[in-house]
Amino acid sequence: GTIHLFRKSQRSLVGKLTHEFRLVAADRRSWKILLFGAINLICIGFLLMWCSSTNSIALTAYTYLTIFDLFSLITCLISYWVMMKKPSPVYSFGFERFEVLAVFASTVLAQLGALFILKESAERFLEQPEIHTGRLLVGTFVALFFNLFTMLSIRNKPFAYVSEAASTSWLQEHVADLSRSICGIIPGLSSIFLPRMNPFVLIDIAGALALCITYMLIEINNYFAVDTASAVAIALMTFGTMYPMSVYSGKVLLQTTPPHVIGQLDKLLREVSTLDGVLEVRNEHFWTLGFGTLAGSVHVRIRRDANEQMVLAHVTNRLYTLVSTLTVQIFKDDWIRPTLSSVPIANNILNLSDHHVIPMPSLKAVDNLNPVTSTPAKPSSPPPEFSFNTPGKNVSPVILLNTQTKPYGLGFNHGSTPYSSVLNQGLAMPGMGAAQGFRTGFTNVPSRYGTNARGQPRP
C-alpha cells in the first residue's frame, strides 16, 4: 500500500474520551469526585429497586434528584478538565463554554424527568395502584442523606455560580417570605435562611418532607392517591428550580450581554470616547464567554496624528476592569483628499482674465488639414483605437493655466511648459482627475498661449 510520511494517527471518539478522562483522573482533586460518583451509582441502583418494590411514583420522582446529583458530579469533572486545558487554534477562547453546556444539559434533563413524572401521575390519577410503605421511608432518608452530603461536601463551581446568578424560583420566593417571618421572631436564623437558601438543598428538604407526609397518610388512612399528589409536587418543584438555571445558561450559550453589566459597559465606553485622540467608538459587542467571564470586541477610530499604541493601552486599561477577553481594533481617520470637480468653477477660485481659452475646431476643419497620425479622423468613422476623449464637435473649451498666475490649493504644476509636451501628456479636462493623452492632426496651431487662431495677440 501507499506509505504516507508524517501522517497523524486518527483517534476514534472513544479513544479521545479515554485520553481526556486519564488527563482528569491524573489530578488528585478529581479522585474525591470519582469516589462520590461511584457511591452515587450504587445509591441510584438501590433506590430504583425500592421504587419498583414499593410501587411509589413519589419515591421515583425523588430518585431523579439523585440522578441529577450524578450529572452535577460530571459537570464538576468537566470544570476541572477546563482548568487544565489551554486555548487551541480551534478553540481560541478556551474551553469554558463546555461547562456552560454541561450545566444547561443537566438542568434540561432534570426538567424532562419532571415532565415524565407528570405524565405518569396523570395516568395514575385514573387508576391508582396500591402503595407498599415497607421501604418508602428508608429510601427517602437514604436519598436525602446522600444528596445533602454530596452538595455540601463538593464545591461545584459551575452550579454554585448559576444558583447565585440566575433568578429565584417560585419555591425560593415562598420560602424567603416564610423565612422573613421566622427571622422576625428568631433573629439568629437570618444567617441560614436569608437572603435566599441554596435551591438544591431546598428542593431536597422539600421533597423529603413531601415523602414523609405521604408515608404518614398512607399508614394512617391508606390514602394511596397522596403518593401521586406528592409526585406531582416534587416534579413541579424540580421544574421550577431548574428552569431559571436553564434560561441563564442558555443565554450564555447564545452570547448575550448580561443585563447587570450593561450600565457599567455604557459608562466605560463613554470614558473611552473622551480619551485624547479618540474620535469614535463603533461596532462594540460584548458577550458572556463562560460563567463569570466576559469577552468583547470594539473598533476605535482615532486622529491621524494620534499615537496608536498609546490609545490602545488606554482603551485596554479602561475596559479590562470588566472585560477579561478583549479585542480592540485601532484605525486612523481617513481624510478626503481634494479632487478636481466637474461642477462649474467659481470666480473667486479661478480668474478668467488670467487664463486663456483655446477653442477646439470642428471635425470638418480636421479633414482639410494634413494629419500627422496614420489614422485620420472622419465624421462617419469611430474614433481611433486607444484614443479616449478624442476632440470632436461637442467638446467644451479647455482651460489652460497661464504662466504668470499661481492658483494655490488646486494641485497644478507651475512654470512654463512647452506646447508640444502638453499635447504629448494630454490636456487636463476639468472634472476628469488625471489627464489622458490623445492624438491630434493640427499642424499650424500657434505655439503661444496668448494668441488666437490667426496668430494675433489677444487683447
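Including glycine, each Cβ sits where the backbone N, Cα and C put it.
If you check TrEMBL, you get these features:
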- 34-254: domain 'Cation efflux protein transmembrane' (DOMAIN)
- 31-50: transmembrane segment (TRANSMEM)
- 62-83: transmembrane segment (TRANSMEM)
- 95-116: transmembrane segment (TRANSMEM)
- 136-154: transmembrane segment (TRANSMEM)
- 200-218: transmembrane segment (TRANSMEM)
- 224-243: transmembrane segment (TRANSMEM)
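For the transmembrane segment (136-154), the partner stretch with the highest count of Cβ pairs under 8 angstroms, out of 31-50, 62-83, 95-116, 200-218, is 200-218. Take the transmembrane segment (200-218) and the stretches 31-50, 62-83, 95-116, 224-243: counting Cβ pairs under 8 Å, 224-243 has the most. For the transmembrane segment (95-116), the residues of the chain that approach it from at least six positions outside its boundaries are 61, 64-65, 67-68, 71-72, 74-75, 78-79, 81-82, 85, 87, 158-159, 162, 235-236, 238-239, 242-243, 245-246, 249-250, 252-253, 289-291, 293, judged by C-beta separation under 8 angstroms. For the transmembrane segment (224-243), the residues of the chain that approach it from at least six positions outside its boundaries are 56-58, 60-62, 64-65, 107-108, 110-111, 113-115, 117-118, 120-121, 124-125, 128-131, 169-172, 199-200, 202-203, 206-207, 210-211, 213-214, 217-218, judged by C-beta separation under 8 angstroms. Listed as Cβ neighbours of the transmembrane segment (62-83) (distance under 8 Å, sequence separation of 6 or more from its ends, same chain) are residues 20, 23-24, 27, 29-30, 33-34, 36-37, 40-41, 43-44, 47-48, 51, 94-96, 98-99, 102-103, 105-106, 109-110, 113-114, 117, 139-140, 143, 146-147, 150-151, 154, 156-159, 203-204, 207-208, 211, 234, 238.
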